[in-house]
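Over in TrEMBL, the protein carries these features:
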- A:20-38: transmembrane segment (TRANSMEM)
- A:50-69: transmembrane segment (TRANSMEM)
- A:81-105: transmembrane segment (TRANSMEM)
- A:135-156: transmembrane segment (TRANSMEM)
- A:195-212: transmembrane segment (TRANSMEM)
- A:233-252: transmembrane segment (TRANSMEM)
- A:313-333: transmembrane segment (TRANSMEM)
- A:354-374: transmembrane segment (TRANSMEM)
- A:407-432: transmembrane segment (TRANSMEM)
Protein chains: 2
Amino acid sequence: MITIELGRRLNQLKLNPAQVLVLGFAGLILIGATLLNLPMASQDGKSIGFVNALFTSASAVCVTGLVVVNTATHWTVFGKVVILILLQIGGLGFMTLATLVALLLGRRITLKERLIIQEELNQFTLSGLVKLTRYVIISTAMIEGLGALLLSTRFIPKYGFVKGVSFSIFHSISAFCNAGFDLTGESIVPFVDDVVVNLTIIFLVIVGGLGYTVYMDISQNRKFKKFSLHTKLVLIISALLLLVGFLVIFIVEYNNPATLGKLSFKGKILASAFQAMTPRTAGFNSIDTGAVTNTTAFLTIILMFIGGSPGSTAGGIKTTTVGAIVLAIISVIRGTDDVEVYRKRIPHDLVYRALAVVGIALALIIFVTMILSLTEKDASFLDIFFETTSAFGTVGLSRGLTPNLSVLGRLIITLTMFAGRVGPLTMAFAFAKKQKEYKGTYRYPEERILVG
Amino acid sequence: MITIELGRRLNQLKLNPAQVLVLGFAGLILIGATLLNLPMASQDGKSIGFVNALFTSASAVCVTGLVVVNTATHWTVFGKVVILILLQIGGLGFMTLATLVALLLGRRITLKERLIIQEELNQFTLSGLVKLTRYVIISTAMIEGLGALLLSTRFIPKYGFVKGVSFSIFHSISAFCNAGFDLTGESIVPFVDDVVVNLTIIFLVIVGGLGYTVYMDISQNRKFKKFSLHTKLVLIISALLLLVGFLVIFIVEYNNPATLGKLSFKGKILASAFQAMTPRTAGFNSIDTGAVTNTTAFLTIILMFIGGSPGSTAGGIKTTTVGAIVLAIISVIRGTDDVEVYRKRIPHDLVYRALAVVGIALALIIFVTMILSLTEKDASFLDIFFETTSAFGTVGLSRGLTPNLSVLGRLIITLTMFAGRVGPLTMAFAFAKKQKEYKGTYRYPEERILVG
Ligand SMILES: [K+]
Ligand SMILES: [K+]
């Protein structure tokens, strides 16, 4: 309601969809920060302070999961419910939720509002968008319900009925929304070799990170050959990244006493799979992120940078963005003019769009890492680089830096999470001057330069 | 002579220019390694061992400057002369030198040989290539002579006549070829606040790193407006990178007692300028590379990755490659279909080529950094990341890791220097299957995917 009303007001300001999205997300974060800043949100009955409340709210809305305080012990039930609501809204995309509210109230959805949802979910066409939103809400509720049910078979015996049920619901939502918030105080570490908990969370995270269009496509078409090019690329690239991550972590950490070394063979397999899954961009961890070898840490940084798939709850530059770029590079090496895959041609403007996403994301991460290296003098470069990428990719993994961040560092990471969730291109469109609408027929003459 | 003969033999094997280039460079490195492996090359009269000889030869031929032993104290005059010859050949491009030999002997240069030189110097057209090669040799000799003369005004008073003159010649060649080898044992550190030495070396490195086409263009056309698009981009981007590097280093290191803190204001200015220049890709240093802040180290990594300009003695992915990509990103944000600058349009295939160079380079550096993190367990992540980028960009700066590398690490860095000097695309072309020659008229249907 509030967001729709806000949207109408903003309409009058002639904002473009990207600007509405940025302002909407920012508004939601501020509302969350105000609530979490209340004394009743903290168990010690004192306000946590606005910077920390803002950090936590941004972390929840951006489904990141980086925390400056222990979620389980610091927040009251009120605080935890606020966080849960924020991450559920953030995970679904607040504009999608605004559509739902409008649907429920039978109000007309304006074309402009549809355009904003389109930008948010990153859809191709307007047709079927309302249908998709309905599908999103229903499937989310079903999958999260199933996840909670599975988790409760482990959590109720361990934590008792009331705590067990609420833990199951919280972690199922947090996993599906790729949010990474936990109530155990040490993420999934206590369940490192529990098959049910591991597989349930891996399932929730992966499904949440594939994107709604993908499982709509899968449920409608069933066969790989019939899937859209988008679905094919998402499935292939996601599988490849999981496989590479699993193999590298399994081999490199096999004898590391601080991580896999102490586990049984079954535990090693489960933990490797879990740690290969978590960078896209779950944020849960079943082994100590700060104790892995530098090789695994760097691989995790790369995987966090790539993240999940578009139109999903995951962050990062997205699997298909990497796919478009890799396919373009292959076309250069093979000497073909077109970027081709599965007997389809990916248009040039998409490759350029992918290039822009990667370029802006890289520039942002490099800039933030350089600034944080100044503000956090005691932290190691790897920890800062890791933290920055985790924030940008809305992953939520940390090598222990988050609670030790300076005030300035907390604000910078807050902004990085925000930029990462909104997305590099949307940020650029929001701040750029109005795009050229008039397309002249005159083209400048071509001139070649030397590159590489 | 040998290389030409080799080239003719290779012709019969139906190798493509990229393969000839890779094999030619490899052959030169092996010859150098054999010579440096001789007992007479080392001052202690014992062979240095093949891995170290190979490393040093590759470092010289690839004009990198990473050293596992102190060049000044380890090698005999014979060894030093071998290194000087290798880096001069490497700097000029061994195929250019082969052309020279052929010219001097009045032999006909075959079209295939011209094509190889074109690949090496990365030129647009075959016309005027012989002229360019002549120009390259003459201008190199003149500039290096001028540099040696200027340096001798400082080196002769300090080191005496014979040592002073040979030091001047060695460092002038090393600077112009962006080779980074030094005979002082501590690079340019003893001259950190010497105006003449600093400005001379900065001049030599920058001119060497602009590329021959650029100063041919400058000397012929004089005015910026008349320059080719290539020259304009090279000059603007080089100036911007120098300026940003200078400002960041000056501000960030101003109070660092291990670097600028102890210097006078003049010394601070000179050292900042020198350290901003050296990543493109000189490899000399006037302050301790291992003592700079992490911010400066990361900035240096980025600058080393970018490197100098195409067709020059410098390495890295090249200034114009970054330029093409940044311009393409701007076109996406502005919503224009063409990549435009200075009223010219950069064709799509060049942007794709630039994308391929960056993509392959990034993948290589990430891969090598991950492997080295396994082989060099005691080294910090930042030092390994720095060393890898320095090797790939043929820069030669090190945070102290080089002499402590394991045998496996030395071989990996040797290969990285080689891949960096040959260039990502040339490597890819050398190893890829034959490019499609037949261009079918059939295009696959376009299908869009979601990115970002
Ligand atoms: K997350
Ligand atoms: K160098």
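Cβ from N, Cα, C; glycine included.
Same-chain residues lying 6 or more positions outside the transmembrane segment (A:233-252) and placing a CB less than 8 Å from one of its CB atoms are 206, 209-211, 214, 224, 227, 260, 268-269, 272-273, 275-277, 279-280, 292-293, 295-296, 299, 303, 306, 308-309, 319-320, 322-323, 341. Stretch with the most C-beta contacts under 8 angstroms to the transmembrane segment (A:407-432), considering only A:20-38, A:313-333, A:354-374: A:354-374. Long-range neighbours of the transmembrane segment (A:50-69) within the same chain, counting only residues 6 or more positions beyond its ends whose Cβ lies under 8 Å from a Cβ of the stretch, are 25, 28-37, 41, 75, 83, 86-87, 89-91, 94, 174, 177-182, 283-284, 313, 315, 387, 390-391, 394-396, 398, 402-403, 405, 407, 410-411, 413-414, 417-418, 420-421. Using a Cβ-Cβ cut-off under 8 Å and counting only residues 6 or more beyond its ends in the same chain, the transmembrane segment (A:354-374) has close neighbours at 305, 317-318, 320-322, 324-325, 328, 381, 384-385, 387-389, 391-392, 409, 412-413, 416, 419, 423-425, 427-428.
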